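Feature annotations, courtesy of TrEMBL:
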- 1-21: signal peptide (SIGNAL)
- 26-243: domain 'Calcineurin-like phosphoesterase' (DOMAIN)
- ASP33, ASP71, TYR74, HIS242: Fe cation 1 binding site (BINDING)
- ASP71, ASN110, HIS205, HIS240: Fe cation 2 binding site (BINDING)
- ASN116: N-linked glycosylation site (CARBOHYD)
- CYS161-CYS219: disulfide bond (DISULFID)
Amino acid sequence: MDMCMALLFLQALLLPSLADGATPALRFVAVGDWGGVPNAPFHTAREMANAKEIARTVKILGADFILSLGDNFYFTGVQDVNDKRFQETFENVFSDRSLRNVPWYVLAGNHDHLGNVSAQIAYSKISKRWNFPSPFYRLRFKIPRTNVSVAIFMLDTVTLCGNSDDFLSQQPERPRDVKLARTQLSWLKKQLAAAREDYVLVAGHYPVWSIAEHGPTHCLVKQLQPLLATYRVTAYLCGHDHNLQYLQDENGVGYVLSGAGNFMDPSKQHQRKVPNGYLRFHYGAEDSLGGFAYVEINSKDMTVTYIEASGKSLFKTSLPRRSRP
């Protein structure tokens with residue numbers, strides 16, 4: 001017993017020094033399309049495997065937050081703020097001790113819009129870790145012990161482009177409320193023009209570029225992609241297609257697609273719709289338990305590691321810090 005106490009005391013002394021020696025960084029998990037199923041047990045084997053591996057990753061590598069990239073509740077979102085799906089698909093699944101105090105920053109996907117997105121926003125007042133203040137919003141972080149800053153602009157791409165019908169064209173045809181779509185785009189343009197952070201990320205549900213089932217989102221290629229280039233955005237993060245992809249354009253903008261939280265789709269049917277040389281990584285093995293992206297941002301660069309739910313590291317890349325405007 002005395003030996004155990006001595007070891008614990010030694011460990012307590014060592015932990016702060018190890019933490020102090022670590023490179024200051026902002027760390028987060030980006031996962032989309034994790035939203036279970038509408039029938040008991042209200043989760044899938046893949047969602048459970050992802051939750052387990054996210055917990056393990058957070059325990060070992062640390063995470064300041066989790067970025068939820070939409071389709072939080074399959075197949076028709078939630079009905080109200082008391083919907084049991086919040087417990088059955090979210091709270092009871094991502095329940096490991098290492099995740100209890102890690103905040104989630106949430107945006108809505110096309111399946112969420114088939115239900116009540118306002119209820120998901122209202123749930124922010126009930127759950128201490130669920131943060132969804134409005135359909136689109138800005139996050140800002142400072143990397144500890146540095147002057148390096150990170151901005152993340154969370155979008156509602158369904159409001160921007162319209163909802164997609166998975167059984168028809170796959171493409172969102174037009175926004176339901178054109179005025180609201182214009183308001184959001186105008187807000188983003190002003191925010192990006194004013195952004196002076198060292199890293200600027202934009203996140204939404206629909207992909208700009210994807211080789212998979214849904215392919216590139218025409219609306220975003222036309223309206224969002226030029227803004228990403230003009231304002232030298234570091235990366236765009238999304239889900240929607242149920243696999244893992246990394247693409248990078250000629251302007252150096254990274255496209256992080258992380259939609260493997262609940263289903264896996266091996267489709268590459270839109271490979272020819274993506275410009276040559278953009279695709280750097282694709283993983284959609286049907287027998288896989290899915291996966292997610294782990295992002296670490298320090299004063300030099302931003303690294304993105306794709307991790308399979310089995311714990312295997314699949315692909316790693318890095319993006320440089322922006323030069324100050």
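Glycine residues also receive a Cβ, built from the backbone N, Cα and C atoms like all the rest.
Working note on the recorded positions ASN110, ASN116: by count of other C-beta atoms within 10 Å of each C-beta, ASN110 ranks first. Using a 10 angstroms CA-CA radius around ASP33 (Fe cation 1 binding site), the recorded positions that qualify from ASN116, HIS205, CYS219, HIS240 are HIS205, HIS240. Comparing the binding-site residues ASP33, ASP71 on other C-beta atoms within 10 angstroms of each C-beta gives the minimum for ASP71.
Of all the binding-site residues listed (HIS205, HIS240, HIS242), HIS205 sits in the most crowded Cβ setting, with the most other Cβ atoms within 10 Å.
Averaged over the domain 'Calcineurin-like phosphoesterase' (26-243), the predicted model has a pLDDT of 96. Counting Cβ atoms from all protein chains shown, CYS219 (disulfide bond) has 21 others lying within 10 Å of its own Cβ.
The distance from the Cα of HIS205 (Fe cation 2 binding site) to the Cα of HIS242 (Fe cation 1 binding site) comes to 12 Å.
Least packed by the Cβ count within 10 Å, out of the recorded positions TYR74, CYS161, is TYR74. Of all the recorded positions listed here (ASN110, ASN116, CYS161, CYS219), ASN110 has the Cα closest to the Cα of HIS242 (Fe cation 1 binding site).
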